């Protein structure tokens, strides 16, 4: 993604080798920008920001507990707890979403 390559020149981490082409740099999953001299032109992209969310659709829940698990047992396992509706897991895993 373009936004992952918006890295301040002085904070670039070298990702290639001297003289690497733009195409070769991108092929190995790095960013290329030759507009600033004396800094790496082929550099590592910023990490994607992710957040954990409890899925809103109860029918996509992936079970994280056991029948009659207590809410505190579920959250201690690092999972989501919602005691509704019937017939779906009440203790379930988070989803990871890109911000």
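Every residue gets a Cβ built from N, Cα and C, even glycine.
Here is what TrEMBL says about this protein:
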DISULFID  15-30  disulfide bond
DISULFID  25-42  disulfide bond
DISULFID  54-80  disulfide bond
DISULFID  64-79  disulfide bond
DISULFID  74-91  disulfide bond
DOMAIN    1-46  domain 'P-type'
DOMAIN    52-95  domain 'P-type'
Which residues, given as numbers and ranges, are at least 6 beyond the ends of the domain 'P-type' (52-95) yet have a Cβ under 8 Å from it?
none
Within 10 angstroms of the C-beta of residue 91 (disulfide bond), what count of other C-beta atoms is obtained when all protein chains are considered?
23
At the Cα level, what's the spacing in Å between residue 91 (disulfide bond) and residue 64 (disulfide bond), rounded?
5
Looking at the disulfide-bonded residues 64, 74, 79, which ones sit with their CA no more than 10 Å from the CA of residue 54 (disulfide bond)?
79
If you compare CA-to-CA distances from residue 15 (disulfide bond) to each of the disulfide-bonded residues 25, 42, 74, 80, which comes out shortest?
42
Residue 30 (disulfide bond): which of the disulfide-bonded residues 42, 64, 74, 79, 80 is the nearest Cα neighbour?
42
By DSSP assignment, list the helix, strand and coil residue numbers for the domain 'P-type' (1-46), in that order.
13 helix, 5 strand, 28 coil
